Amino acid sequence: MNGAKGSIEINMPPISKEKKGSKACKKIAEKYSCKNSILKVWEFCKEDTNRVTFSLKVGLAVLLVSLLILCRAPYQVFGASIIWSILTVAIMFEYTVGATFNRGFNRALGSLLAGALAIVIAELALKAGQTAEPIIIGFSIFIVGTVTSFMKLWPSLVPYEYGFRVILFTYCLIIVSGYRMGNPIMTAMDRLYSIAIGAIVAVAVNVLIFPIWAGELLHKEIVSHFTSLADALQECVGKYLKDDGCQHPEFTKTVMDDFPDEPAYRKCRSTLNTSAKIESLASSAKWEPPHGRFVHIFYPWSEYVKVGAVLRYCTYEVMALHGVLHSEIQAPYSLRIAFQKEIEDAAREAAELVRCLGTDISNMQRSLKPCPLKKVHSSAEALQRTLDIHSYILTSHHDPPDTSSKAQSRLSHALSSTFSNLSSHMGDLDNKLLEHSSDLPSQPLQEESHHEMMRKQSRRLHSWPSREVDAFEDGGNFSSDCIPRMKALESTATLSLATFTSLLIEFVARLDHLVEAVDQLSKMARFEQEAL
């Protein structure tokens, strides 16, 4: 350095900012390239082909209405007011037929009320004279805007919020344009004719050309939830029993992960965010006429919402099981294997029941086969009975009670061998601790250095919950206080198995409500009985 004797010269090449900038630009260009954009659009369309169908139908409806303006003969008949038909199509046309009927009803009723009110107010303003006419019109606009804005906030009138909005802007446009043109009645009638033409075109295109029924979408959505719930349950239980902890990831990483190796769970988790979608589809389906398999006039679409709510409660139980699966403290693999048969039987019967209910709804038939709910309860009772008999191993190390059952003796033998190994290791550790404590000097410990005190204080501040730093955690010598903590940790690990099985039994209890909801739906929808 600076040519000093004994110095070492270090030549560091300057960092090229242009290369870094060029790499960043390349990454951005690759991310937003034309090829990637086309692939994303293709995947989006492939996920739901109805999106493409809906877009083409909207374009066709707007084109048909625009021809009334582009062609000279229709334009001479309807005049410039036909532009309102284009606005009506753009506002009314919705994704499903039911939503279009709902929007059309609000549009039609709001336009009629606004037109009638505008005609009455305009006639009163004309009779009041030129001086009072603008005052009356302005005051009426203020009153209508205030009343409609207040009424659409009323809880029972929230479904008709769009209708109040139509009343407001239709009334204002008709009465203001009529005031300037001098003939409010003709202005109102032209607007209503144009709105009616746009509404007819929107409804005709949506119903007659590849209709998208809200009822059919709701039906398929509920059925898919049954399938994803059953798959997620079996996936979670199977992975819990097969995971030996050798490749168990860290807890903090697992919580933030999207679980790419568990597609069934990710699909099941997404059903928790579909409550608003199901309610919206059920509300739209009520406006649809009988179609396809739904031939009844008053079809019980609200029962689908109830079934979806019970399914979400069952999904919460599966998510709780998944939380135990990926928790930081796990039960020993040998202990989980000891209860494998009972856990697998309960999970398999529960998943089979869920799939059976989903199949009944999908086929719209009531199965005459023996109800698998009894098998589910029997498997859950067997699991509960096994836990009760061998509950001693989940809390402390006592000798197992005398049992005559072969299955119980098999389970006790496996569990006792597991914990005998643990006890022998704990005994060796106790002997080592006693030998080590006898070799410790009797002089008092020297005071800790300032650096050690600050380091332990930092550990206390950044740990949750706040705790003291002992010798075992600090990497120093063992102390006799470590033994109770290790035993507590062992007990917590074994209790995680009890938590998992308890959640599984609670899931089975939820299935009673699910069966009741499906039975109520099948009765009100008058499902046909399946032929034997």
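For all residues, glycine too, the Cβ spot is worked out from N, Cα and C.
TrEMBL labels come from automatic prediction, so no person has curated them.
Marked as region 'Disordered' by TrEMBL: 432-464.
Summarising the annotation, TrEMBL assigns transmembrane segment to 52-70 (among others).
Long-range contacts of the transmembrane segment (77-96) within the same chain, counting only residues at least 6 positions beyond its ends with a Cβ under 8 Å from a Cβ of the stretch, are 50, 54, 57-58, 61-62, 65-66, 68-69, 102-104, 107, 187, 190-191, 193-195, 197-199, 201-203, 205-206, 212-214, 217, 281, 284, 288. Among the features that TrEMBL reports, transmembrane segment is placed at 77-96 (among others).
Annotated transmembrane segment per TrEMBL: 108-126 (among others), in sequence order.
The transmembrane segment annotation in TrEMBL covers 135-156 (among others).
Summarising the annotation, TrEMBL assigns transmembrane segment to 162-180 (among others).
Look at TrEMBL and you will find 192-214 (among others) tagged as transmembrane segment.
When Cβ-Cβ distances below 8 Å are used as the criterion, the transmembrane segment (135-156) is approached by residues 117, 121-122, 124-125, 128, 164-165, 167-168, 171-172, 175-176, 179 of the same chain, each at least six residues removed from its ends. Per-stretch counts of Cβ pairs under 8 Å to the transmembrane segment (52-70) identify 192-214 as the leading one among 108-126, 162-180, 192-214.
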